[in-house]
Structure formats: C-alpha cells, structure tokens
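Here the structure comes first, spelled out in structure tokens, and everything after it is commentary.
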C-alpha cells in the first residue's frame, strides 16, 4: 500500500464528510410564520405584537449573533406571511424560543428552517445539522403512558360480531364437529389477542412512537426525540428548547381514529325508538329534557370525553340496545357554515368496525365548490379497497357511517358497490377540521390512548457559559496535544495529527448522517476517541523507534512497526467496542449517548490509525524520499541514526 | 533501557489500593451516610430566575454556602443574567427554617417546598414575581434505574472482556484486566464518596470514559508481556513483566500525558459546571495508569505463581 493512488480514498472521504457537515456552518434561512389571525386584528394590536418581537430581537439576537431578519419592524405582507431570518448556527432552542416568546404573533408549528441544497439533494430536505440533546440546551420532557385497558375494549369492539357468531355456532346443536373445532380455535385466537403480553405492549408502543414521530415532523418542531420507556409502558418525548406548549401536547395525545361502521338495517328500529321518545318530549314542551339537548349541554360545558361516553352508554341501557350495536351522536353544523359543530341526533351503529383507518392512506383536504364545504379524499390500501368493495356490494341500501373519533360525521346510503380504492368524506367541515381529519387518516391514529404521566421543563445540565468555556478548553486541549505530538515525534507527530483531524471529521459526519443527538456524555465519548486515536499512533511510533534502534532500515522499520502494533491496537479497540456495544444494548440515556459516539469513534480510529497513518507514513518514507525519521523529542532526543 | 523492578512492591500496592478503597467507602457511608445527593439522581427543586444585573454567580453561591443550602448554580443566559438553581432534597429542612424566619408580612403561607424556596429567594433578592421564570419540583433524570442498569452493564462487560481476552491471549491476563477495571471503578467511586462529589450525568460520562481508557491501557501492557513471554518459559515471569512495562513506559507516559492535557485544559479553563467531570476524569486516568502497572501486572504474576506451584 504505497501508491499515491490510494490517497484518493482519504480525499474522497474527506470531501463527502465536509459536504455532509456543510449545513452546520452554512448561512441558513429560517422562516418564522405569522399567525393567520394576526392579520384580522386592529392595527394598534398588530403594532404591539410586532414591537414586542423586535424589542426582544434587538436585545437578544441583534448585536452578537450576526443574524438578520426581514422585513424589519413591520408585519410581513399577507400573501407572504413570514419573516426570514438569515444567519449561521441557528439552533432549535433559539427557533423554539423565538416562537414561544411571541406566541400570539408566531405560529409555532409552521416555522421552518429552509433546507440547504445539500439537504435537499441527499436527504430530501431532511435536516443534516448536528442535534443537541436536552442536557446541552434544555427544553420540555413529556412522558406519556399508554392506556391498555382502553385499548382492549376497542379490540373487543372490533371482534364483537365475530365473537357472537362464533358462540352461536358453538351452541348450535346442528353444527358439525369439524366446524365446532374450527370455531373453538378461532375463539381462542381472538381471546388471546385481548391478552396483552409485555411483547405486544412494546409493539403497540412502537407503533404509537412512529405516529408521534410523524406528527412532530409535520409540526416542524426542531429536533424532537421520542423514545420508549419499557419499564413504564410509556413514551418519552423530549422537545429541546420548548418550555411550555399546550398545543403540542394536544397534538401528541390526540387518539382520534377514523373508521367506517354500518348503521342498523332499515327500518331503523332502535334509532326510531330514540327519535320517537325525543319527539314525545318535544311535544310535551320539555325540549331541555331531550337526550340530544342534554348531550349538547355536556359538549358545551366541555364535560370531557368520559362524561360523553357514559351518557351514550346510559342511552344504550335506556333503550335496551343489543350488545352488537352502539349509540353514537351524529355531529353537524347548524344552518350557517359558521355555526358550531354539535351533536344533532343519535344513530345506532354496528359495534363491529367495517373498515378501519389502517385501510386508508394518503388523505387530502379539498374544497368542494358545489356544496361550499371542505371534504377529504383518500386512497384505500389494496386490502382496504377489496374490503370496501365487498362491503358496499353486500350492503346496498344500508347506511355506512364515518366515525371520526367518537363523532359520526356523515352517514351516506350505499347506492352502488364502490370499486377503485378511492373515496371521499364530505361533512360540514371547516378548513381546519378537514386538515385535521386528513392528518388522522394519513398518519394513522394512535393505536393506544396516551395520558400525560409527567411533564416538566428540563434545564440544561450545563449553562451556556460552561458550554462555551468547555468547548474552548477542549479545543485548546486538542491543539496542545497536537503541538506535543509534533514536539515529541516530529514528522511522525505531524502525520498523527493529520490522521486525528481526519478521524474527528469523519466521525462528526457519520454521527450527523445517523441523526445522532449530541449530549454531554456523547462529547465525552468523542474526547475518549481522540485520546485512543493518539494512543494508537503513540504505540505505533514507539514500535517503529524500537525497530530503528535495533538497526533496521527505515522502510522496514515502519512496516514492522505497524505490523507489531496492529494486534495491540486491534485488541484494545475491539475490547472497548464490545463494551460499547453492550452499553448501547443495555444502557439508556446518558450511557447510550456515550457508547454510540465511542463505538463509531473506534471504527473511525481503526481506519485512520491503521490505514491512513500507515499510508501517509509509507508514502513519506518510500515515495517522498524521507530517509531519516527521528521519532525522539526535540532538545532531548539523541541523534537517531538510520540506515537507508 | 530503564530497568525498574515494578513487581517488587506488588503486595504493598495491592494492599494499599484495597486500603484506599475501603477507607473511601467507610468515610462515605459512616461519616456522610452515603453518596452526595444530586438533582440528577435524587430529584429536587429547580428554579429559573432572572437576577438584577449587579448580582453574579458568586453572590448566589456565597449566599447558599452561608446558609448551608446545597445548590448548583447554572448560568443559563449571560446577557439577561438568568440562572438556574438546583436544590438537592437534603436541604429542604434548612429551607423550611429559613422560610419561617421571613417576616410575616413578606410571606404567603405555603406548604410546598418549592413555593417556600421561591418566596425565600424573592425575599432575599427582592425579586418581583415575574422574575421567577419557572419553579418545579423535579424528579431524577437518572437514578435507581441507572444504578441497576449500571451494575448489570459493568458485570456483563467484564464477563465479555474476560471471554474475549481469554480467547485472544491468556486467562490470567483477562482476569487481571477485569480485576484492575473493578479496582479503577471502585477507587473512583471511593473518591467521589470521600469528597462528596455530586453524582450527575457528567460524572457518569467521566466514569465511562475512564473505563474505556483503562481497558485500553491494560491491553497495551499485556500485549507486550504476552509477546515477550513467547518461548521464554525459563525466564521468571516477573522479569518479563518488568521488561515489558519498561518497554511500554514511554507510551504509557505519553498517552497519560496527552489525555491529561485535554482534561487539565477543562479544569484550568474554568468551566465551573464541568469541573467535577474533569476532576474525576483526571483522577481516573491516573488510577487507570497506576492499576495497569501496579495492580493488573502483579495479579497476573500472582496467578502465574499459584498455578505453577499447583502443577509442580
């Protein structure tokens, strides 16, 4: 390996690394989007909000940061409702801070750090900047606990009809033994699915985590981290730089689902009973005692989902609705498009879910100019399309209700079988509602309801001052180590320094590519990596020196030095690597952060010390005609004699 | 080549280490009743306050020290003089008695510790309400869970290292490395307890780093011993050890020195909150180097001696 051609490899790797790291140092654009409702405010109020922003701006960012903001001092035009901030080193904490400080002006969820061309090219716009953990910049931590009881009751609904059928089959004396066996095993299968093993719980939590990840991405919140806490059946969400955001919490917890359920067959016996009773009450002049009126009251008084559920269950008892059916409220607007969405009547739907949200994807809200309302169109998955076709062909003439969360939002009659896998939901939506519904369909609903177990503001483990000083100290330390290496090993030291620098650059690029979040222990891991990289070179040089002292020719001494040191370096690094991998597997939080940097650091160290250093060294000795290699410190070293 | 008899003092160094470890733990548990409390491990009170421009970190720290309150003061924003104050659970009683000393007119009755602390702060520093930016009673970031995971982790890591090194070289080296690693961890923990350094995330990072450093160091020394013992069965093992340590001494000194440069830079640089981290790391590097020469090597020799006796 003494060819100049091999030099292409390090240069190539360096070029790629620098490209990946570029967004960290580039001038970037940040869009701070102004809330829509601000434009509707009286001018005086707009002025107050804008002034507040720019006062803070002048105080906090104006002088030292080198950031610029456009337009300055006024509200941006309505057609381009955003401020553009240009600057280097725009961090998530700062972005979130600006939004939080100006909540009534800025729409937090729409702020966007414009991707640089590199990010657009290789990541499809996904960020490539190094992320800082909560311990370095502070933020909010929310722990959400999965409610598995609720989950099982939902599952039971899903299988309700099949369960009754199976039981009937079993009880029926005319059923063949063979079929009975089949029914039995199917029954057991379904029942086992209600039994949540820890493994199942993790799987459900994983699904929930993915959905939360998605939701946070569409929020454009910078660098959220979501992880599962197995011990507590909980999901932990860390939001760096966010100090308190109720809106985000609501989005995280939203367990709304979308599903299709068939209504009871025509004539509507049960619905009829309820309607008859309501009419009777109305006739008696007791409008405020009708069930629908009571239910509306619950909604208006924000009694909460639980109270609503209990009310509906009460109705089921009152009217003796059989177990296979469930009472829902049909929600709609009043006469004008601006009136509130409220429950208007009751419908009785099959408990069995005919088509669930998992069968639908790719939803888009759109404005329907014919009915002057918003609607949502979506695609069905191949499996869903088949189910939908079967459903619509077998149930012609029946009503198919679309249930969003616990609201029936539309209840059309099935006229013809629907094939093709596209469908739409029209209800009396506002734009916001249509977008929300589309999001629920596209991202999927949370499989399990989540409740907030813990929510707290986390301060950074270190203050800003310490980080600044610390970074400076580490940089000075590095610099001194490099000087020392040159002082001690002269040309060898220079080569070692070169490979150390390359090592750190590759490592940084690797970590960036993997979306690693840098924490304080992570930094410790990098420091250890650097230490071990220097050590590898020290071991090699001591070996080379020994060979020279034994009187070997320089080029042979170099080769033998590397060969002798090879297994020592391998052993040391592989052992540490094993320890590191174990830490990643078993550890969490701080231990994991440390171990990840350490493990990748070992990989880069092995490459740079065993390949790069050697390449540089051999090229120097064999190709560049360096015949004397003095690996002794200046001043102290005795003159080395080498045989050419 | 230097010729130092490193193994001559093996019984002394082994008992010396054992003594230090035991002494450290005795002081920790008998005198202090355990390791220091810290917010990261035990939870506590956390407030973020904006102080008047003329107040500095030193004022705050001086105040807490004079009142005997365990507090960690973190400067969050320089321009606005915003500080984060972390109070360990150990100081709740002190805070309560100080709160009771506030003149009645200046305090609202309150039962929660965090409220009392905030009122105390506001009274002492004449802070209006809006300057207290946040106040929480917070739980531990790491803690019981981590201790448990930590021990499992350490034991598994040791087992794997034992296995790998036994396969790659010889069991005696693997065993000696593992014991020396345990020695390093115990020694550092003894120091942390002895000096009542608050366990925190940075301290964990320091412990992990020294573990990595220490493994590295032992392997380098043992690799040389193994290489030198090839075909030299007639030579006393202690001689081989001495020669090997001498041969790697240059490297050991160089590496310890370069590692320490970075660590000392942090201490001298004055990043207050990183001081404990750097201090533990510095100590760890010294202990790691010491244990390669004076603990690991002698143990492998003792093991060798015992085995030879048995087979003779």
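Cβ from N, Cα, C; glycine included.
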Task: Annotated transmembrane segment segment (source TrEMBL; candidates A:431-449, A:450-468, A:469-487) - done: A:469-487
- [ ] Examine the ranges A:393-417, A:593-617 and name the one recorded by TrEMBL as transmembrane segment.
- [x] A:593-617
Task: Segment assigned the feature transmembrane segment in TrEMBL (from A:345-369, A:520-544) - done: A:520-544
- [ ] State the residue range annotated as transmembrane segment by TrEMBL; the candidates are A:312-334, A:565-587.
- [x] A:565-587
Task: Matching range for TrEMBL feature annotation, transmembrane segment, among A:494-514, A:620-640 - done: A:494-514
Open item on the list: Could you tell me the mean pLDDT the prediction assigns to the domain 'SecDF P1 head subdomain' (A:344-448)?
Closed with: 81
Task: Beyond the flanks of the transmembrane segment (A:469-487) by 6 or more, those residues with Cβ under 8 Å of it - done: 462, 493-494, 496-497, 500, 523, 527, 530, 534, 537, 633-634
